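Participant: First, the structure itself, so that you have it in front of you.
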Amino acid sequence: MSLTNTKTGFSVKDILDLPDTNDEEGSVAEGPEEENEGPEPAKRAGPLGQGALDAVQSLPLKNPFYDSSDNPYTRWLASTEGLQYSLHGLAAGAPPQDSSSKSPEPSADESPDNDKETPGGGGDAGKKRKRRVLFSKAQTYELERRFRQQRYLSAPEREHLASLIRLTPTQVKIWFQNHRYKMKRARAEKGMEVTPLPSPRRVAVPVLVRDGKPCHALKAQDLAAATFQAGIPFSAYSAQSLQHMQYNAQYSSASTPQYPTAHPLVQAQQWTW
């Protein structure tokens, strides 16, 4: 019994530095009652806890387990609380970022609809997004080619075109409506209204042969009558141009010799005689 007492006394007095064994027994006896009462840190911190704390503080391990000067990541490790706050902030701001990434630039027409939408109206938003279909290059080319041929399509033609390019008739109808409006707005901006094409211009050709005879000397009256019959008004020609044409006709008749027998019409008349 004396050996056990000395062992317990050595461990208690020298290591825990307790003043009396009676106090130890009282503290041990009171321990279960305190545990039954509830967690009270003020009552638990008796002379036993203080002695253990003093013993730990007297140990030579007062420095940290690693030297902060040798660790290159101390600037991030020193601000762990700031990182936690930033992570909470990112987690809180993540849902609106996801929602904005789905619709980065809502149009002006869709903004009031989005304001009116409620959390339960997610199906309507999905339907609206499905209606906005991006046409492929082949589909757009075929639609534009058909639009150049025919600006308005009937119901059977619309269905046939939709089946060819794998679209619905409603999508084809809406595309044609939008394209017509776009073309009309472009013409209005450029100031180009739809006008009928002008009739082809008629050019007056001088009469060289009349009634089987060459007309070398033309008078102004004959030329005016010829141009009037051709469809060009006489006012289109000035008097100076008429004189110039008459002079050229006279010069050509004077320079070229007259050979009546060489004319094919004259030969035909001679044979008929």
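Glycine is no exception: its Cβ is also placed from the backbone N, Cα and C atoms.
I grabbed these lines from Swiss-Prot:
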type     : residues : note
DNA_BIND : 128-187  : DNA-binding region
COMPBIAS : 20-38    : compositional bias 'Acidic residues'
REGION   : 1-56     : region 'Disordered'
REGION   : 90-131   : region 'Disordered'
Participant: What is the three-state DSSP composition of the DNA-binding region (128-187), stated as helix, strand and coil residue counts?
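Facilitator: Going by DSSP assignments, the DNA-binding region (128-187) contains 47 helix, 0 strand, 13 coil.
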Participant: Can you work out the mean pLDDT of the predicted model over the DNA-binding region (128-187)?
Facilitator: 88
